[in-house]
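Notes follow the structure.
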Amino acid sequence: MAKAAPNLCFSPLTLNQNRKENFFSSQNGCFIHKPSLKTTFFSPIFRSCIPVRISATPTRTIDHQVTDYNAKILHFCQLGDLENAMELVCMCQKSELETKTYGSVLQLCAGLKSLTDGKKVHSIIKSNSVGVDEALGLKLVSFYATCGDLKEGRRVFDTMEKKNVYLWNFMVSEYAKIGDFKESICLFKIMVEKGIEVNSYTFSCVLKCFAALGSLKEGECVHGYLLKLGFGSCNSVVNSLIAFYFKGKRPESASELFDKLCDRDVISWNSMISGYVSNGLTERGLGIYKQMMYLGIDVDLATIISVLVGCANSGTLSLGKAVHSLAIKSSFERRINFSNTLLDMYSKCGDLDGALRVFEKMGERNVVSWTSMIAGYTRDGWSDGAIILLQQMEKEGVKLDVVAITSILHACARSGSLDNGKDVHDYIKANNMASNLFVCNALMDMYAKCGSMEGANSVFSTMVVKDIISWNTMVGGYSKNCLPNEALKTFAAMLKELKPDSRTMACILPACASLSALERGKEIHGYILRNGYSSDRHVANALVDLYVKCGVLGLARLLFDMIPSKDLVSWTVMIAGYGMHGYGNEAIATFNEMRDAGIEPDEVSFISILYACSHSGLLEQGWRFFYIMKNDFNIEPKLEHYACMVDLLSRTGNLSKAYKFIETLPIAPDATIWGALLCGCRIYHDIELAEKVAERVFELEPENTGYYVLLANIYAEAEKWEEVKRMREKIGKKGLRKNPGCSWIEIKGRVNLFVSGNNSSHPHSKKIESLLKKMRRKMKEEGYFPKTKYALINADEMQKEMALCGHSEKLAMAFGLLTLPPRKTIRVTKNLRVCGDCHEMAKFMSKETRREIVLRDSNRFHHFKDGYCSCRGFW
């Protein structure tokens, strides 16, 4: 019996293993069978058997081709060839590519920020119904996040059924990167609710989010939660906790964690140094660095930068130089962020030459480098240097950013360099930066501080968007530039646009003080109380100054006593207030109180106390304070201090001593010093000395009309009319104009202005004239006679009396008597010094009407009561 053939199916390879000629190697490296013409696929002897599986060879061929596609795509991805990789991905049929391949292409799309190609890959994944596992899901989410479409990345994340902790951490981290800390925390809470096993990275990231939001309580809860999970000794988590507590202004909590941490790394030490420095505890931060050095712990670039910032903040130049040397040894000097911080340290420590050396040695500079250098020149008040740097930047093609521009403008503002500021303004317009809010605010500030409110207003009026700083700059600028009415108008306009803040209050109060607008000031004081701004020390100081300058000294002192923590400004305002009201002894007592409180006086404080002594005739005390300033506080006297001493000598009749004192000054006297002596010559009628002094004054300030008028008045009081005529002709030839005397009085919130010799247009002019005639008649009856020498005209006595009646302060006082309720204090302000005749009239009015009259002239306050004046003749 013939042997039966086995019931087997043979692969072509087995059947033809001895026929090598029937095989060839294809170009793609897969071996393919070449069928023989003699061979049939269905042999008769095998009819009852399953046919030979001819599909074996094609199946293996396709597997090899798929493998080949995956390999080729991965190869293109390694080469960064996205175009060819995408071409192959699009050619492949359904289910031919591995998820790893898709992931690699997505990673390349993310690296090249090709959102379009990545979306195409995502579309192919969805159309081919490829299952998105955790690995591919992470690649998809990462791609979208990297390309700036986190919203789509979140959509992919939300559709995934399985998500591991790494994917959750990635999403938490990405939201934190774009500043959406609340969403990061929300995802963290979902993780906890779903029971996802969090790790150290999760806690590190979420603690940064709580720190950024200032959520101290929630962060403390997370602290408790991580302790329960056993992360309390994890180095990276504890480092994040240290940073969190420092950010939350809890340095002691951070320090406690650091002390308990056994496994400290350089990040732990760096967190302590930067944390202390950022919390204003620079000395403790630098102490940590010294401890680090003592223990021999290696530092990194972050350590060096944090320590340099600390040195800059504390002005510790010696340590900064030592750190600089260490950084050179450690080869950190080539890093641009190190060089920028080093430059800033030298600049802030006052070593501008050192900063310049660092700047010049920098191989690479960015805009931060230039800005730091500009800021250095700004701190030194050298706007010219800042402008030179600006020109260099333009030459080197470095485009200024907002920080650099505002720094240069600040330098111009500090030095009062209006021309340089205008040049920067031209640059701003040429580079289309004029619409930037920060730049506009800095421009207005520069113009205001350089005394050009027209320039400031030109910027302000063209701004589309104005913030509180914009308005405050304008209000404060008008106040400081002696334009109080404009300040009040701007403030009124501001109230219609937005709510003022405490800074606004500190800016508008000086305007009210300048006008002696007591009623308006009281209204603003009420607004301050209603809005809780009175606790702001700047506002409190401005309120004291307001009431001082409105003549309400008692209320000013009451508010001063209510300030819980008085600074040098508080004390100086009160001392100056007593001085200008003629209460020299009270000013001295307040000065001594200040010293007992541990506050050291500065140059301005000494000007205030010397001024007080001068206006009260306290000669000995004035000299004592002058010597205390020089010997005890090592303050070198400036022109203002010398002017006070000359004024003190002149007011007390020591004219020759004052002249000799001026001649022995170590610095050249200015017109103010000579002018103080000239005023003394008028008080004591020393014409010969007045002429000698006037020559010096005219040399220094030939265009100042006031000094010519003062000398003319000295001649007029001595009835030297030819000399008066000569002075008036001189004024006319020079084209100078005398400021007319004007006075104003505030009644029911309305300011009523009176100009000398021009009363006819006032609606109450007849009543005012009648009252003044009545007062003059009563004065004569009681033995008072008009001091006609103050009429300053060459006419008969009757004409002189008529001229005196037209003086603005008399008109304002008379109007106050006619319109204000009985016993209400009359408060008048004059732009010039009160004349002697008006001074006598005010004394008589206070006695006759039993009314208190407060008259503020250009030099001081006069409180008239019961026929006496607080100045006691020292005016």
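In case you wondered, yes, glycine gets a Cβ from its N, Cα and C as well.
Where the annotation comes from TrEMBL, it is an automatic prediction and has not been curated.
TrEMBL lists 783-875 with the feature domain 'DYW'.
According to TrEMBL, the feature repeat 'PPR' maps to 164-198 (among others). As a whole-number mean, the pLDDT of the repeat 'PPR' (164-198) in this prediction is 92.
Within its own chain, the repeat 'PPR' (265-299) has Cβ neighbours under 8 Å at 235-236, 238-239, 242-243, 245-246, 249, 251, 254-255, 258, 306-307, 309-311, 313-314, 316, 319, 326, 330, counting only residues six or more beyond its boundaries. Positions annotated as repeat 'PPR' by TrEMBL: 265-299 (among others).
According to TrEMBL, the repeat 'PPR' annotation covers 366-400 (among others). Across the repeat 'PPR' (366-400), DSSP assigns 26 helix, 0 strand, 9 coil.
Remote same-chain partners of the repeat 'PPR' (436-470), defined as residues 6 or more beyond its termini with a Cβ less than 8 Å from a stretch Cβ, comprise 402, 405-406, 409-410, 412-414, 416-418, 421-422, 424-425, 428, 476-478, 480-481, 483, 486, 497-498, 500-501, 503-504. Residues annotated as repeat 'PPR' in TrEMBL: 436-470 (among others).
A Cβ distance under 8 Å defines the sequence-distant neighbours of the repeat 'PPR' (567-601), meaning residues of its chain 6+ beyond its ends; these are 537, 540-541, 544-545, 548-549, 551, 553, 556-557, 560, 608-609, 611-618, 621, 625, 629, 633, 860-863, 870-872, 874. Sequence annotations record features per position, and here TrEMBL assigns repeat 'PPR' to 567-601 (among others).
In terms of DSSP helix, strand and coil, the repeat 'PPR' (436-470) has 26 helix, 0 strand, 9 coil. DSSP states for the repeat 'PPR' (164-198), grouped as helix (H, G, I), strand (E, B) and coil, give 27 helix, 0 strand, 8 coil.
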